[in-house]
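First comes the structure, then the notes that go with it.
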């Protein structure tokens, strides 16, 4: 019944990476976006599939809001966010008539759309498909994983913030990965430390070290910590390319190191 | 049962069991009989149960990680500082329950009694209920699809022995989906005072929160107001303010003006908040003179004022002597 890995619209996709977190607002979409941009700067072709149906953030972060999805023989054509067409994107945000419209759907309807996103988007040839998810361990996650399983995804990057309240939710997400047989590529700690732009004092706004500790505890790789950087937030607000504009920021170094580690995982 | 047919008209619609998509559906007969259109009997049971609960407040946000649970926890703490006020805190974030940890109740278990599940009491006048109390280990993941989550929420509302309560605060997960629809449906007959909507200042968060506000309008849920959280950060060393999550489109203030809803206040980022939450204590007591504490207290006062101005009508009618008499007449055997 399921499409075999040889056929279908994902046949030309080499590596599939899911971005997960039990907690909301920890930076899943930020990491998805920046990871995609970092991989692009390394010469890769990247697609982003946004399966957060109730709160799609990626279109804004890539300045693609308001763009439309077109149909072709192969299915839906994703939205290309750059001239070179090296980053393509699919999100429920492109299917809404008004940007403020709420998608008030229960599980089965969400599952059906995610299935369609996986089977009907004509991605073409991609080196990486980054799948951004909503918080939790529920319908969207099971639907996405079920639909992607025939294409053997590379694994999951799990995002957390440093404080214990967030780490608690992320522990549950790791259990989800274990139960569903999804490999954990590693944990990213986001928002760790804020350097005051006035006096350069570093404050751990949301505590520190929780992500690394969790990785040790769970026996999974730790990919790195990304500091809080108002420039990064601003770039995402305005849909600008942080990787290109702020190569001197410590957040840039953290992000590109994470992308490097993922590249190493996947020999060309 | 796994999949709803693509064009399913919905069990409650007039087309139930008669649409073209219903052909061959195993539930066709059931739907066509109209059984699906009958409202869930739980709604009436919950209405009865909620008669002893004066005010019901939902804490919502379209966006995750903006501080819904932090706000819910502190609203509960602050209201319960008055020992004559009974407060109940219900966490319906089934997949990511944060309330047990924030209230310092991790590892507590719920007890069953003749009158239902007993909430976990932090103080005599502050009861807490969360799916977290039903898990055997903090690593346990609740990997549930919608219907199972809805069943849990129904149980929380119907089967928990809350007793006499002045304020029931319901903390929700991010989004506009199963949990939200369920809690509003189940409480439909019981009257919800309104929703407090939490956001952070940046547009990426506001765009999700606008959806949540649209959702409130769609389901006719009154909005008590919006709280802007993580609004500015004061460096503990040089005391200068910086915007970690800059309000590039004017923040909650402009959004509230545009949508004509009240802004209850702005809470600045204070690293002590996260620390108090991690340790399960009330930040309002830990750091009483922080600007964030003052902001919280003023917001909570406005919520109390809103609730006292919007007493449910039913309460007044049920107090009318003739109504009470009718009830007595009906229940008396003669």
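Yeah, the Cβs are placed from backbone N, Cα and C, and that goes for glycine too.
Quantities reported herein were computed from a predicted structural model and do not represent experimental measurements.
Features of the protein shown, as given by TrEMBL:
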BINDING   B:8, B:22, B:25, B:31  [4Fe-4S] cluster 1 binding site
BINDING   B:62, B:63, B:64, B:65, B:66, B:67, B:68, B:69  ATP binding site
BINDING   B:235, B:238  [4Fe-4S] cluster 2 binding site
COMPBIAS  B:320-334  compositional bias 'Polar residues'
DOMAIN    B:54-210  domain 'AAA+ ATPase'
REGION    B:314-334  region 'Disordered'
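Proximity to chain A (Cβ-Cβ under 8 A) holds for B:63, B:66 out of the binding-site residues B:22, B:25, B:31, B:63, B:66.
Nearest to residue B:69 (ATP binding site) in space, judged by Cα atoms and limited to the binding-site residues B:22, B:25, B:31, is B:31.
Mean model confidence of the domain 'AAA+ ATPase' (B:54-210) amounts to 95 (pLDDT, 0 to 100 scale).
Of B:22, B:235, B:238, all annotated as binding-site residues, the residue with the shortest Cα distance to residue B:67 (ATP binding site) is B:235. Comparing residue B:22 ([4Fe-4S] cluster 1 binding site) with residue B:63 (ATP binding site), their Cα atoms are 36 Å apart once rounded. Every protein chain considered, the tally of other Cβ atoms within 10 Å of the Cβ of residue B:22 ([4Fe-4S] cluster 1 binding site) stands at 19.
According to DSSP, residue B:63 (ATP binding site) is assigned to coil rather than to any helix or strand. For the pair residue B:8 ([4Fe-4S] cluster 1 binding site) and residue B:62 (ATP binding site), the Cα-Cα distance reads 27 Å. Note: residue B:64 (ATP binding site) has non-local neighbours B:173, B:174, B:175, i.e. same-chain residues 6+ apart with C-beta under 8 A of its own C-beta. By neighbour count, meaning other C-beta atoms within 10 Å, the densest spot among the binding-site residues B:8, B:25, B:31, B:235, B:238 is B:31.
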